[in-house]
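The active site feature in Swiss-Prot is assigned to Glu35, Asp52. Taken from Swiss-Prot, the feature disulfide bond covers Cys6-Cys127, Cys30-Cys115, Cys64-Cys80, Cys76-Cys94, and the record attributes it to sequence analysis. According to Swiss-Prot, the feature domain 'C-type lysozyme' maps to 1-129.
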Amino acid sequence: KVYGRCELAAAMKRLGLDNYRGYSLGNWVCAAKFESNFNTHATNRNTDGSTDYGILQINSRWWCNDGRTPGSRNLCNIPCSALLSSDITASVNCAKKIVSGGSGMNAWVAWRNRCKGTDVQAWIRGCRL
């Protein structure tokens with residue numbers, strides 16, 4: 001599923017991401033835009049053999065199990081396929097675990113490079129939330 005901007009913002013808000021660990025909703029919508037272009041089915045293979053999955057491009061080396069990543073830790077205790085669902089609950093729950101680690105949203109390269117320090121509120125402007 002490819003979410004609309006405001007549709008995704010509403011879903012993320014409903015699932016408790018607004019101001020989760022101090023990151024406003026705009027940060028999450030911005031991250032999803034530049035990680036997956038709002039597409040829940042996005043997958044990207046990395047040079048280390050791991051794969052990033054779903055709307056927030058969650059990595060199989062650490063967070064989920066895809067059965068093909070050597071030394072996978074599966075810290076969210078989920079199959080990576082769960083991160084490709086049109087229902088973003090699994091992705092959001094895993095993202096909460098990731099952002100609670102030491103580096104916060106810096107764990108997402110696209111957020112660090114494209115969203116951090118920008119006017120992220122623009123991503124939810126005009127949405128009925």
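Note that Cβ sites are derived from N, Cα and C of the backbone, with glycine treated the same way.
Sequence features, as recorded in Swiss-Prot, placed on the structure.
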residue: Cys6; record: disulfide bond; Cβ neighbours (10 Å): 16
residue: Cys30; record: disulfide bond; Cβ neighbours (10 Å): 26
residue: Glu35; record: active site; Cβ neighbours (10 Å): 23
residue: Asp52; record: active site; Cβ neighbours (10 Å): 23
residue: Cys64; record: disulfide bond; Cβ neighbours (10 Å): 29
residue: Cys76; record: disulfide bond; Cβ neighbours (10 Å): 22
residue: Cys80; record: disulfide bond; Cβ neighbours (10 Å): 27
residue: Cys94; record: disulfide bond; Cβ neighbours (10 Å): 24
residue: Cys115; record: disulfide bond; Cβ neighbours (10 Å): 24
residue: Cys127; record: disulfide bond; Cβ neighbours (10 Å): 17
Task = Translate the DSSP assignment of Asp52 (active site) into the three-state scheme.
result = strand
Inquiry  = I'd like to know the mean pLDDT over the domain 'C-type lysozyme' (1-129).
reply    = 98
Remark   = The recorded positions listed are Cys30, Asp52, Cys64, Cys115, Cys127; by CA-CA distance, the one closest to Cys94 (disulfide bond) is Cys64
Message = Going by Cα-Cα distance, which of the recorded positions (Glu35, Cys64, Cys127) sits nearest to Cys115 (disulfide bond)?
response = Glu35
Task = For Cys76 (disulfide bond), identify the closest of the recorded positions Cys6, Cys30, Glu35, Cys64, Cys127, judging by Cα separation.
result = Cys64
Message = Measuring Cα to Cα, how far is Asp52 (active site) from Cys80 (disulfide bond) in Å?
response = 9
Close disulfide-bonded residues near Cys30 (disulfide bond), where close means Cα within 10 Å, chosen from Cys6, Cys64, Cys80, Cys127 = none
